[in-house]
Amino acid sequence: DLSLSMKDDLDTIRNLGTKLAEEMRKLTSNFRLGFGSFVDKDISPFSYTAPRYQTNPCIGYKLFPNCVPSFGFRHLLPLTDRVDSFNEEVRKQRVSRNRDAPEGCFDAVLQAAVCKEKIGWRKDALHLLVFTTDDVPHIALDGKLGGLVQPHDGQCHLNEANEYTASNQMDYPSLALLGEKLAENNINLIFAVTKNHYMLYKNFTALIPGTTVEILDGDSKNIIQLIINAYNSIRSKVELSVWDQPEDLNLFFTATCQDGVSYPGQRKCEGLKIGDTASFEVSVEARSCPSRHTEHVFALQPVGCRDSLEVGVTYNCTCGCSVGLEPNSARCSGTGTYVCGLCECSPGYLGTRCECQDGENHSVYQNLCRDTEGKPLCSGRGDCSCNQCSCFESEFGKIYGPFCECDNFSCARNKGVLCSGHGECHCGECKCHAGYIGDNCNCSTDISTCRGRDGQICSERGHCLCGQCQCTEPGAFGEMCEKCPTCPDACSTKRDCVECPLLHSGKPDNQTCHSLCRDEVITWVDTIVKDDQEAVLCFYKTAKDCVMMFTYVELPSGKSNLTVLREPECGNTPNAMTILLAVVGSILLVGLALLAIWKLLVTIHDRREFAKFQSERSRARYEMASNPLYRKPISTHTVDFTFNKFNKSYNGTVD
């Protein structure tokens, strides 16, 4: 993917060829690699089509103002063992820019699969196609947004310059077409995608046989390890694919893997090693009888292998007993032909022995058309004629049975589908196809979805029910019950291997470390990705009270991929004086704060009281009055008396 968002990834893989070749030559002595790139269809709305963008679609983009014109797919280097040519070709590449988020990656994958001569696929080699991107793909019918209504024809359209010429003429390929062409050319597709798109491409692997998906780092630094892991996974797995299966045939698979256990409904085995044997039993069932002398052919092929088994199917729908016919047989009351134990009545006659004539009144025998006394004739779903039921026709299906008590449409449904589409309805009960159980046949007995990358079922901490792990080990959880912090599992057993290489741990020398880690592949990192769905997170306390963390992923080869922190996470040792000063300072600050709050409250209270006093004083109105206790210094008294010293009376005042 050479869209603009992959610029940092391109910088990372410029010297990929040398390192990849070194690692792959540890696995195979005959290794070749090639290179191609894609962006998207060069039409609107997928790309910038205005004239100003024709030579530089990044014009006006401040972060990266210069890039090459957009293109669909370019095959840049045929498969070769010259690693320097690969590195040189990668160094020449520059990114481009498309308009929408999805990429035209499936156009590129299909051309890489069908252009065998130009790519250089060898007939007897194992074919790996590594597809890297950081976004979602365009799929079939998306091309209609750009006016492309012609479906993809699945053919090679590379010109002399090895450029895809039908990019702006045909729609994107469908997943079915992609899977067909990959299988037809024995190509194993590896989706190397960023974590936020992992689940989308994981779902694609269920629709495209022979594909695997791996999580790509944001800058593609792990691309080599990713390819090695996918290669080991492919080499340790065998899966059967079916080609040209007739519609009227049901195929039922039973796989017997390296453990010798048979798995009904499973068509693949994983975790295989050199010398292991896997066998498959295939049962063929005819759902209907085609016309006479019809012969069908289908093929069984291991995914990614060119060998196949072609199976020819002939149908035998005639019974041997039909040779001896007895016309007008006494067993049929002389009015019918006895064939294969049954009577075929002449026109106008009815009954199991042709004993009745059409139109006769046989109401006296109608009780023979009831299952039990009191029930409706023919269960209310048929007419009673000549002591037997003739069942009505129904738009929903077939009504049948001696008393019309059965049908093939009244069984349990799942999401609106009768018997979940995995069984046949017989008289109100689902008869499940091989590989399915349950009242409505919604429960698959296929345990491949519960098998981890290490070949274990539910990590041996649970059982597989309906294709999903039900964890029984206390504390276990995860899609494969692979996570269990409280279990005495690999976290404790792998701890010695993790501790041994650490210089400060006091563990034994390198020879001992080699012995402890003989089944481990250790990668040292500065930070641990804690939300990795594929990995199990482990941590423990060291002697220095630090926390050491690591993750592990079980590989199909039986080894484990350990990702370990370079240094344990340690907190700073607290200083006693610092703690003392902090405590004393805190107490003083709290005391001062309380005093300040108290002073503030008292001041507020006093101000309120003084304001209240001032308010009452301003409202007071007093009347003028004298003090009853006050006496003036001068007083006047009036006295009435009679003075008769001289025999005179006198009235007056005395001061």
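Backbone N, Cα and C define each Cβ position, glycine as well.
Record features (Swiss-Prot):
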- Ser3, Ser5, Glu103: Mg(2+) binding site (BINDING)
- Ser5, Asp8, Asp9, Gly218: Ca(2+) 1 binding site (BINDING)
- Cys115-Cys156: disulfide bond (DISULFID)
- Cys257-Cys269: disulfide bond (DISULFID)
- Cys289-Cys317: disulfide bond (DISULFID)
- Cys321-Cys340: disulfide bond (DISULFID)
- Cys332-Cys343: disulfide bond (DISULFID)
- Cys432-Cys441: disulfide bond (DISULFID)
- Cys458-Cys469: disulfide bond (DISULFID)
- Cys484-Cys487: disulfide bond (DISULFID)
- Cys491-Cys538: disulfide bond (DISULFID)
- Cys497-Cys517: disulfide bond (DISULFID)
- Cys500-Cys513: disulfide bond (DISULFID)
- Cys546-Cys570: disulfide bond (DISULFID)
- 443-482: domain 'I-EGF 4' (DOMAIN)
- Asn203: N-linked glycosylation site (CARBOHYD)
- Asn316: N-linked glycosylation site (CARBOHYD)
- Asn408: N-linked glycosylation site (CARBOHYD)
- Asn442: N-linked glycosylation site (CARBOHYD)
- Asn510: N-linked glycosylation site (CARBOHYD)
- Asn561: N-linked glycosylation site (CARBOHYD)
- 599-655: topological domain 'Cytoplasmic' (TOPO_DOM)
Revision key, fill the gap. Near Mg(2+): residues not in Ser3, Ser5, Glu103 with Cβ within 8 Å of the site Cβ centroid are Asp1, Leu2, Leu4, Met6, Val39, Asp40, Asn98, Ala101, Thr133, Asp134, Asp135
Check your understanding: Hey, does DSSP put Cys289 (disulfide bond) in a helix, a strand, or just coil?
Key -> coil
Review point. Including all protein chains displayed, how many Cβ atoms other than that of Cys570 (disulfide bond) lie within 10 Å of its Cβ?
Key: 12
Point to revise | Candidate recorded positions Asp8, Glu103, Cys257, Cys332, pick with smallest Cα gap to Asn442 (N-linked glycosylation site) | key: Cys257
Check your understanding: In this structure, which of the disulfide-bonded residues Cys458, Cys491 has the fewest other Cβ atoms within 10 Å of its Cβ?
Key -> Cys491
Review point. Which value does the mean pLDDT take for the topological domain 'Cytoplasmic' (599-655) in this predicted structure?
Key: 71
Practice item. Select one residue from Cys469, Cys500: among these disulfide-bonded residues, choose the one with the most other Cβ atoms within 10 Å of its Cβ. Key: Cys469
Review point. Out of Ser3, Cys340, Cys458, which of these recorded positions is nearest Asn203 (N-linked glycosylation site) by C-alpha distance?
Key: Cys458
Review point. Roughly how many angstrom lie between the C-alpha atoms of Glu103 (Mg(2+) binding site) and Asp9 (Ca(2+) 1 binding site)?
Key: 16
Exercise for review: Write out the long-range same-chain contacts of Cys432 (disulfide bond), meaning residues 6 or more apart in sequence whose Cβ is under 8 Å from its Cβ.
Suggested key: Cys419, His422, Gly423, Gly438, Cys441
Revision key, fill the gap. When the disulfide-bonded residues Cys317, Cys484, Cys538 are compared by other Cβ atoms within 10 Å, fewest goes to Cys317
Point to revise | Spatially closest candidate among Ser3, Ser5, Asp8, Asp9, the listed binding-site residues, to Cys517 (disulfide bond) (Cα to Cα) | key: Asp9
**Study point:** Protein Cβ atoms within 10 Å of Ser3 (Mg(2+) binding site), excluding its own
**Key:** 24
